[in-house]
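The structure appears right after this line, and notes come after that.
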C-alpha cells in the first residue's frame, strides 16, 4: 500500500510541475486498456486453480458487485443523477481495489494464511467482473451509448480485456513458450504504476473538494456498507476463519483504479471518478484497518 501511495504522490507532483497535455493521460489510458490489462488477464487466468476453497471469496465478490450495482442504480434513478455520473458510479462502486491494495492489506492485517483467499476474491471475482460486467457498463453508459443493443454488444466483444479473458480461458492447460510468458509478465507489472500515474495526473489538475452527493454515497457504500454486509453474512452462516475475514476486508477496499480508467476512457464523469478514487484511497488507509479491528485477533 505504501508503494502504491508513493507512486500516486509522485505522479501528482510531476503533473503539477510538468503540466503535461491531456493527450499524455489519454496515451497512458490507451496503454492500460489495450496492453497492460489484457496482459494481466492472459498471465493469470490460465494459471488459476479452481477448488472448493474458492466458493466463499468468489461468491462474496460477485454478490458485492451486484449489491453495489443495484444500490447505485436505485439511488441514481431516484436522485436524478446524470447518465455519465451513474455510469461512473456503476464502475467504481461495485469494483474495489482488491489486488493493488487488497493483497498487501490482507497480508499485513490478517497474515499470509489469508492471502490465497484475497487472490481468489480478486481474480475470479472483482477482476473477472471488470472484464465482463465492466465492459457492459462502459459500452452501455459510455460515449455513443444511444446506439442499439447490437452496437453495444459489439463494443463488449471487442473490449480488449474481455477478448483477453476469452483467450485466457481457452489457454487453460496449454503450456506457452517462456518468451511469451515472460513478455506477458513484464507487461503485467506495468498495470499498477501506470494506473496510479493516470489517476495522479488527473488529480494534479484539480483539488479534491467536499464530496458531492454521488461521491459521498458511493464511498459510503464502498467503504462501509459492503464490508458490513459481508460481516453480517458471516454471522448469519456461522462463517469464520481466513476465507471470511479476507472477504470482509476485500469488500471494504476503495474503488478500483483500473475501473476508474475504464470509466474515463468511456467518456463517463471524470470528476466523479477522480474523487471516488482519490478520496477513497485516503479514507481506506483508516477504514480498512478499522475493519480488521472489528474482525478481532
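Positions of Cβ are set from backbone N, Cα and C atoms, glycine also.
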Candidate ranges 216-237, 238-259 [criterion: TrEMBL lists as transmembrane segment]: 216-237
Correct range for transmembrane segment (source TrEMBL, candidates 15-34, 155-174): 155-174
Paired segments the transmembrane segment (88-106) and the transmembrane segment (273-295) in contact, 3+ CB pairs under 8 A: yes
Same-chain residue ranges lying at least 6 outside the transmembrane segment (155-174) that approach it to Cβ under 8 Å: 33-34, 37-39, 41-42, 44-46, 48, 128, 130-132, 134-136, 138-139, 142
